[in-house]
Amino acid sequence: MPEFKRVILKLSGEALAGNRGYGIDPEFIAEIAREIKNIVEETKVEMAIVVGGGNIFRGIAGAAKGMDRGTADYMGMLATVINSLALQDAIEQEGLDTRVLTAIEMRQIAEPYIRRRAIRHLEKGRVVIFASGTGNPFFSTDTTAALRAAEIGADAILMAKNVDGVYDSDPEKNPNAVKFKELTYIEVLKRGLKVMDSTAISLCMDNKIPILVFGLKEIGNIKRAIMGEEVGTIVR
Ligand code: UDP
């Protein structure tokens, strides 16, 4: 039996870039789609996905080069729409129904985000993809994952990352970095650990939503997390 009935899977934009570092890697996205299809069919978990946009554009990067932050953030949100459509296409090619719900209206492309409608789609077994972040500049897709999780009553947020958990220092720079099995929200905030940004962590803390951080590249990890097996780090 799966441990969680309804989850939010957060995929960073970078994850979709695979080994390219930029843009979308069609093979990698097809692999993720296959994994998602198998998980949903086998476990019957209700899965909603929040995709980032960092593989295409980040608001902060634009602002650092002199752009207006609000405008740059809207560009970042549009980047998440591109990623959402790519993911929708890949998952539907696997034969699973999906719906993209966007926080910024663009009727020709996707349904507007309506909380009750999102829940209904999930109940019908459709994979829901939340596009355009929260729809507000100065936020992130991590915060989107936390917000949507609270809104739809998700049991957990699965943070599939390029690293296999949360470490006390950067494991790529420090060979002695130690991985945490478990952390509290407050510890994450106090130590400034890179799980999610602080707005997102606070929202999870206030709404008691557990966060599971694990490596995406290891096939099978998403399912393990859903089944309640130990993967990476749990924040609760
Ligand atoms: N963004 C935003 N509001 C939101 C979500 C995202 O303004 O609610 C913008 C922001 O500019 C961000 C970009 O969209 O840099 C892409 O999202 P994010 O950086 O979270 O993507 P990830 O790091 O997960 O790839």
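Here the Cβ of each residue, glycine as well, is placed from N, Cα and C on the backbone.
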Can you identify, from 18-23, 66-71, 120-125, 168-173, the stretch that TrEMBL calls region 'Involved in allosteric activation by GTP'? 18-23
Per TrEMBL, member of GLY53, GLY95 binding UMP alongside ASP73, THR134, GLY135, ASN136, PRO137, PHE138, PHE139, SER140, THR141: GLY53
Where ASN136 (UMP binding site) falls in three-state DSSP terms: coil
Close to ligand 1, in the sense of Cβ under 6 Å, among LYS10, SER140, ASN162, ASP170 as binding-site residues, are SER140
Could you tell me the C-alpha distance between LYS10 (ATP binding site) and THR134 (UMP binding site) in angstrom, no decimals? 14
What's the CA to CA span in angstrom from PHE138 (UMP binding site) over to SER12 (ATP binding site)? 17
Which of the three DSSP states, helix, strand or coil, fits GLY54 (ATP binding site)? coil
